[in-house]
Ligand code: UDP
């Protein structure tokens, strides 16, 4: 595979990527390891926007399933993503990587609000911008937040780091015969309801022609390898 021609990417990590072997919350050693992966990606010369989920702390759907008001629970989930963003900011800055957190829910004691032009300036100056609180509205997820920021920041691709090394035709954790796709079209993902990101995020990427690259963030060095044209991943695009 040749080196992809990316200048600016959006990297989406699920909240679970910060959890390590714990069942819940933020494991500082794991966050430090993730920060090293992000730094290695930045050191390939890219501008990086980062979105981190909140599932390691709270998911609105889980709260709603236990009888909470869905919107209220979703706002709690958004607050969880701000904690994760601050944890990642701390870990990146300990590695000497300058960052800014911009949150879709304003919280001016701890971070900036989302201001697109200011974010662009940060990126130009070599800072990583961590976008927190998703789209800032309930009934969405951080996948949609990632797709939205990728579109408005003119990112060349959305890289989604998960615990699986790509998109399969069945759940590889359940079915040993599951086959990984190298490439896929957005339409096939939507038609076959393949688990890449939620449908609104996939549709936003399709309509704005932003490829989604799904890869495992658990393999050390994998992200930097993918950015250099190697590694294992699935690319979802309009060419797919
Ligand atoms: N959330 C929301 N709107 C958004 C982004 C997130 O309501 O724009 C809430 C939602 O409840 C979600 C939670 O925040 O479950 C955590 O985000 P997500 O589930 O996307 O995290 P991940 O699965 O990536 O860890």
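Heads up, the Cβ atoms here are built off N, Cα and C, so glycines get one too.
Unlike curated records, TrEMBL annotations are generated automatically.
As recorded in TrEMBL:
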- 12, 13, 14, 15, 55, 59, 162, 168, 171: ATP binding site (BINDING)
- 54, 74, 135, 136, 137, 138, 139, 140, 141, 142: UMP binding site (BINDING)
- 7-216: domain 'Aspartate/glutamate/uridylate kinase' (DOMAIN)
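Around the Cβ of residue 14 (ATP binding site), the number of neighbouring Cβ atoms within 10 Å comes to 22. Note on the binding-site residues 54, 55: the fewest other CB atoms within 10 A surround the CB of 55.
Annotation: no binding-site residues among 135, 137, 139 have CA atoms within 10 angstroms of the CA of residue 14 (ATP binding site). Comparing the binding-site residues 141, 162 on other C-beta atoms within 10 angstroms of each C-beta gives the minimum for 162. Checking the binding-site residues 12, 14, 54, 135, 162 for a CB within less than 6 Å of any atom of ligand 1 leaves 14, 54, 135, listed in sequence order.
Cα of residue 141 (UMP binding site) to Cα of residue 12 (ATP binding site): a span of 12 Å. DSSP gives residue 162 (ATP binding site) a strand state. Residues 12, 13, 14, 15, 55, 59, 162, 168, 171, recorded as binding ATP, reach a greatest CA to CA spacing of 25 Å.
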